[in-house]
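Chemist: OK, Swiss-Prot features for this one:
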- G64, G65, R86, N182: substrate binding site (BINDING)
- K29: site 'Transition state stabilizer' (SITE)
- K245: site 'Transition state stabilizer' (SITE)
Amino acid sequence: MDQAIAKADTLIEAMGWIRRFRGKTTVIKLGGSLLEDREALQHLLLDVIFMETVGLRPVVVHGGGKAITEAMAKAGIEAQFIRGRRVTDEKSLEVVEQVLAGELNVELTEMMERFGGRAVNLSPRTTCVLKGKKLIDPEGDDLGFVGEVTEVDRDVIESLAYTDQVAVIPSLCTDDKGQLYNVNADTAAMAVAQSLGADKLVFLSDVNGVRRDPEDPATIIPALSAEEARQLIADGVIKSGMIPKVEACLETLGRGVQKVHIIDGRLRHSLLLEIFTTDGVGTEIHQ
């Protein structure tokens, strides 16, 4: 009986948050590393289905870095990176498109359908909602077919949300001539969140959030203002690999998104715990 009462208490706690976020858009960036963890992925997709069921409007944007690298290796193509961006020649682009649009995007959609949700894969093979152009590297390096998103077809995405369906979008864009480009998944998610006027953008990571001590998960900072985050970077508290994540969060806030979250996607039901509980499980960055 005590366990049943505890479950009821949890539902009551969630009720206030459900009312608050009902009808609001949350963009969820799903990274390549989590796509390899089948158990974690299953719980994350169940979380997304729950969010849609109780009236939120989740949108999933995904990459697939590890799977792409493995597929390129099988094809005899050596992966090359310049400042974190994958150099994408014509042969590499074929592999990227096959993995993102032909495999992962379809698989994620089918998994959500099997779990009882309604999802639609929006890729260049079906309906491409990300328009863009070739990314010009500021250092002058030619990254090949690497692009940046300049326009999002929000009408298509919102029409799905209004009919209780979840859009699942790979990090690929096309230009006005139909040329395909590989896009960084973080920046693709940011563009989608900005275009939709999302209330939240959630980066699913392999760390539990911003920590005062990078080696100690117990030092997680539950909430930060944009100003506090900039100060922690200046003070050296936020450093190394966490800096680009936090800078991406700050850029997203600057584009009008209300809140950005960094959470550990490997934690069971981390999405629900972050959004529907008072304390959350990651770091929330806000203006």
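For all residues, glycine too, the Cβ spot is worked out from N, Cα and C.
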Chemist: Under a three-state reading of DSSP, tell me whether K245 (site 'Transition state stabilizer') is helix, strand or coil.
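Modeler: Reduced to three states, the DSSP call for K245 (site 'Transition state stabilizer') is helix.
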Chemist: Quick check: of the recorded positions listed here (K29, G64, G65, R86, N182), which one has the Cα closest to that of K245 (site 'Transition state stabilizer')?
Modeler: K29
Chemist: DSSP on G64 (substrate binding site), three-state: which is it?
Modeler: coil
Chemist: Give me the non-local Cβ neighbours of K29 (site 'Transition state stabilizer'): same chain, 6+ apart in sequence, Cβ-Cβ under 8 Å, ordered along the sequence.
Modeler: V61, H62, G63, A185, D186, A189, L201, V202, F203, L204
Chemist: Is R86 (substrate binding site) helix, strand or coil when read with DSSP?
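Modeler: Its secondary structure by DSSP: strand.
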Chemist: Taking the Cβ of each of the binding-site residues and counting other Cβ atoms inside 10 Å, which one has the highest number: G64, G65?
Modeler: G64
